[in-house]
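Trainee: Pasting in a structure now, in structure tokens, and then I'll have a few things to ask.
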Amino acid sequence: MELGPHGDGTQGSRGVPGSRSICKASASGPSCQCLPEFFGSPPNCRPECIINPDCPSSQACINNKCRDPCPGSCGTNAECRVISHTVSCSCPTGFAGNAFVQCIPAIEEPVKPCEPSPCGPNAECIERNGAASCKCIDDYQGNPYDGCRPECVLSSDCPTDKACIRNKCKDPCPGICGSNAQCYAVNHVPNCVCNDGYTGDPFSNCQRQVTPITPPPQGNPCQPSPCGPNSKCRVSNSLAVCSCLDTFIGAPPNCKPECTVNTECPQNKACHNFRCANPCAGTCGVDAKCEVINHNPICSCPLDMTGDPFSRCYPAPLPAPKDEPKTPKNPCFPSPCGLYAECRAIGDQPSCSCLSNYIGVPPNCRPECVVNTDCPSDRSCIAEKCRNPCEGTCGINSECRIQNHLAICTCRTGYTGDPFSQCVEIIEVKTPPTVSTDPCDLQPCGANAECDNGICTCIRDYQGDPYVGCRPECTLSTDCSPNRACLNKKCVDPCPGTCGQNAQCDVSNHIPICSCAKGYTGDPFINCHPEVREPTPKDPCQPNPCGPNSICQTTAQGAVCACQPGMLGSPPTCKPECIVSSECSLQTACIQKKCVDPCPGACGQFARCQVINHNPICTCNAGYTGDPFTRCYEEERLVEPPTNPCVPSPCGPNSECKIVGDSPACSCAVSFLGKPPNCRPE
């Protein structure tokens, strides 16, 4: 018989709503069973699963049942796999797309191994049998996978007998020398020498030497000189002893200048007038500093100064006092554009552009040239422009040719004189032919040189190779060092007599610059007079009289002091609310110099906080356990099974026990008499 909810035997019972078991009455007492959809034994009936780990890894817990989660999870044409209870959708081979929406047949595109190119700069990619192969483009060399480069960029990349011409190491000699001359490349530079038995200008024309009929007198081994150009000869023990002229190096007959191009000098020197010299001298402006980088002088103002470093640097202006009204900041002051650039303010942003006649991109604007070697060999650097040095250099009836950036003036054939001023026609006087014994009759000397017993020397105030041609010290200021100017064909200081009284003179790029001395003002070309400085009002807040943690404001009455926001007290003893927690009440702590409750944010979830002696103490709430500083979890409670008051039976032998309410009800069994616990047979 099935018992009702109250054990009245009228119907089966599922217990209270939500019960997972059913109770049936039998002769031996009540019998409990789990409902069909639950597992276990009463009172511990449970569903098949509650969470995924309750199921095999190939199934998931769905509505408390372990089922295959794949049906309906993936898109069309997709494959489904269950990995650790989780659905994994993927498109099969030959399909592509979103596997959770739809997989469509994939369109195979041809593989392009050269897209993107695996090659380095200046290399091209070639497809071969479905693979990429790299090779350098024409006239470039190197590893095509890292980057290719030209054979050369500078002549120093080539052997010393070659020069870098159009990125290739080539012989620099072809087309350089004149007729009857031969060329040798020394340090990448072509040098021309007349063939044996010839004399003259090897860069234009060498003529056959005329052998005198009468040999020169014996006895002087230095006449004619056997030493070659750029050398001197002296007699020692009836023998000719040769040595190079001053400022020339090497050994006769191969004496040569110290340098012809910058690359023959150390990195901190430049080649000037065939000598390695400091290019900084006279290049930068007043109070500017100069450093040499790769043979070039770089001018800049010191950190605490501003201005044009090529003319003058002056102290940077001091920032405006704090109490003055703030004016909109000029984004162009100081200029962020660098040298040789102009700055325009567009809104609050600077716009930079190079000055007229300057090239490059700010902040790297530069003139076309600074020294001659910045120009092609047939041009000179004149006023920061690569120009023809021959223009206006040579005199009347003279010819000009350019050699290593320099103008070489020579008189035309049939003319003589100073080619830098005027050449006059040679008037031939017909005289009876005489046999000359003077070696100077062979005219072994070049222009502007004089001959003495076959030895050639430059005329006064001229210099160079007397066997090729002498020239004045300068024809343009660019022939001089930057702190000199060319006056009357000599490099001199241009300052004397230029500036006024109490003014100082500095030479920058051959130009004298006058400026008033420190403490003076006025027109530096006429007169500078002492500056009259108005006394600047003293700031009463400098130095600050208010003490720490205070604010000083300037008023007409003087300095007014106040404590900073959040500070207590009054100047000069302004202080924060606290420094250490002991300055606060026991229920607060000193945080960021404020007495505040230390609990907010200190404890984890389901934990409570108490402040004890300034410190936050965290504990889990009642019924919870775990790390109170991170998170507390609810304690697991063991459900005790309901007790049966009839087990063990309190009724004694030969009796029956029934549950009425929560108490046992005893009666004697059938065919037994008496009263429990004293039931007996009839």
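Each Cβ is built from the backbone N, Cα and C atoms, and glycine gets one as well.
Below are the features listed in TrEMBL for this protein:
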DISULFID  C173-C183  disulfide bond
DISULFID  C495-C505  disulfide bond
DISULFID  C599-C609  disulfide bond
DOMAIN    110-149  domain 'EGF-like'
DOMAIN    170-207  domain 'EGF-like'
DOMAIN    218-256  domain 'EGF-like'
DOMAIN    328-366  domain 'EGF-like'
DOMAIN    492-529  domain 'EGF-like'
DOMAIN    537-575  domain 'EGF-like'
DOMAIN    596-633  domain 'EGF-like'
DOMAIN    642-680  domain 'EGF-like'
Trainee: What is the nearest of the disulfide-bonded residues C495, C505, C599, C609 to C183 (disulfide bond), using the Cα of each?
Mentor: C495
Trainee: In angstrom units, rounded to an integer, how far apart are the Cα atoms of C505 (disulfide bond) and C599 (disulfide bond)?
Mentor: 75
Trainee: Taking Cα atoms as reference points, which of the disulfide-bonded residues C495, C599, C609 is nearest to C173 (disulfide bond)?
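Mentor: It is C495, whose Cα lies nearest.
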Trainee: May I ask for the residues of the chain that lie six or more residues beyond the domain 'EGF-like' (218-256) and have a Cβ under 8 Å from a Cβ within it?
Mentor: 186, 191, 274-275, 439, 444, 453-455, 465, 467-468
Trainee: Against which stretches of its own chain does the domain 'EGF-like' (492-529) lie, if we need a Cβ under 8 Å and a gap of at least six residues from its ends?
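Mentor: Beyond its ends, the domain 'EGF-like' (492-529) has Cβ neighbours at 282-286, 310-312, 477-478, 480, 482-486.
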Trainee: What is the separation, in Å, between the Cα atoms of C599 (disulfide bond) and C495 (disulfide bond)?
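Mentor: Counting only the Cα atoms, the answer is 80 Å.
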Trainee: At the Cα level, what's the spacing in Å between C495 (disulfide bond) and C609 (disulfide bond), rounded?
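Mentor: Cα to Cα, C495 (disulfide bond) and C609 (disulfide bond) are separated by 86 Å.
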Trainee: Provide the three-state DSSP residue tally for the domain 'EGF-like' (537-575): helix first, then strand, then coil.
Mentor: 0 helix, 15 strand, 24 coil
Trainee: Relative to the Cβ of C609 (disulfide bond), which residues of the same chain, six or more apart in sequence, are found under 8 Å away?
Mentor: C599, A602, C603, P616, I617, C618
Trainee: Check the domain 'EGF-like' (492-529) for me and report the mean pLDDT.
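Mentor: Mean per-residue confidence for the domain 'EGF-like' (492-529): 86 out of 100.
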Trainee: Using DSSP, how many residues of the domain 'EGF-like' (170-207) fall into helix, strand and coil, respectively?
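Mentor: Taking the domain 'EGF-like' (170-207) as a whole: 0 helix, 21 strand, 17 coil.
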Trainee: Once the DSSP letters are reduced so that anything not helix or strand counts as coil, what is C495 (disulfide bond)?
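Mentor: SS state of C495 (disulfide bond) = coil.
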Trainee: DSSP on the domain 'EGF-like' (642-680): how many residues come out helix, how many strand, how many coil?
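Mentor: For the domain 'EGF-like' (642-680), the helix, strand and coil counts are 0 helix, 19 strand, 20 coil.
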